[in-house]
């Protein structure tokens, strides 16, 4: 739902003066919070619990919604959009971590596919809803309607959600029995509070700089995520300019992305766990790398989708043709992104929040910078060659996918690349 709201906000900027803001600037504000969030939230969640950090996320997100909805100052709007991103990334980080806490390995593919419905489908529904709200009510009600819904979700969470992170649950049980350790200490390996805090804060950085497999898969998934942000940030205006769509109609152009995402989710939900279990039984071993083969499919579909999408726009074909091209892009994006999430959760189960946080830092930086180049690229080269440039860059990243598929296990298990977490 937080991602749905974030793309609803892009409908807002279509009604703001061009001199004040743009779609890519709006995404930039949000991505500032996305970049900073993993540095704070992932370590805190492993000190105090995965569910525990959700509540500050709820409150921060709701406050940001209220301020943005009532704001009459652009600087204030920008500041609280960044705070909104910081709060929203909490849900993105904690989702895979909670799945790792609760779901056995053989069912995590299905669980992560279901969990990703919000983050990947929400941004495609948001512009549809937001476009019609802007046209028929007021852009402020994009924020107010989401605030009301989040209030309902917070009330529900307070009743239903319980802590899932095993070390914290065990700590709490021991504390009740009078044998507890300080909050955040690992019961299996007691440390001083200072050592515990230091370990938590440095863990994502150790994964990024001392375990090469994390930045490898991180940079690859960052490219696909950044390309997704390019589509989310530009699709509406592209169809308004090329096909004279209204803001409400331009939101419907995002449905091509939605159908591509849903197809990919259903495919991975059905086959990821089955393939992993089949390969484990065949080879009599357990490797997280069995989650990664769909990356290879995504590596080829992503550039194909951008060629299709870009040149169909360039030659002004019927609007359904670029929409179908965007569906191929969506399949390529998710086949590149979701297997990486599954891989990190299986590899770093108890530290899944730090692992996904480390990759999220890379993804957020790329998702902040790459969309800023989209409109200048289209202005200078046109939609055909502009999207072809993106496709050629995606082709350049194919060797990373092949490297991880071929040598991932060797890199991951090399003693030189086993930092003390």
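Every residue gets a Cβ built from N, Cα and C, even glycine.
No curator has checked TrEMBL annotations; they are predicted automatically.
Quick look at what TrEMBL annotates:
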- 1-414: domain 'Major facilitator superfamily (MFS) profile' (DOMAIN)
- 47-67: transmembrane segment (TRANSMEM)
- 79-103: transmembrane segment (TRANSMEM)
- 110-129: transmembrane segment (TRANSMEM)
- 141-161: transmembrane segment (TRANSMEM)
- 213-239: transmembrane segment (TRANSMEM)
- 251-271: transmembrane segment (TRANSMEM)
- 292-311: transmembrane segment (TRANSMEM)
- 317-338: transmembrane segment (TRANSMEM)
- 350-372: transmembrane segment (TRANSMEM)
- 384-405: transmembrane segment (TRANSMEM)
Contact yes or no, the transmembrane segment (141-161) and the transmembrane segment (350-372), 3+ Cβ pairs under 8 Å, gap 6+: no
Beyond the flanks of the transmembrane segment (350-372) by at least 6 residues, Cβ under 8 Å: 24, 27-28, 31-32, 34-35, 37-39, 41-43, 45-46, 50, 89, 92-94, 96-97, 99-100, 166-167, 200, 203-205, 207-208, 214-215, 217-219, 221-223, 225-230, 233-234, 340-341, 344, 421
Cβ-Cβ under 8 Å with the transmembrane segment (251-271): same-chain residues at least 6 beyond its ends: 7, 11, 109-110, 113-114, 116-117, 120-121, 123-132, 228, 231-232, 235-236, 238-239, 245, 294, 319, 322-331, 333-335, 338-339
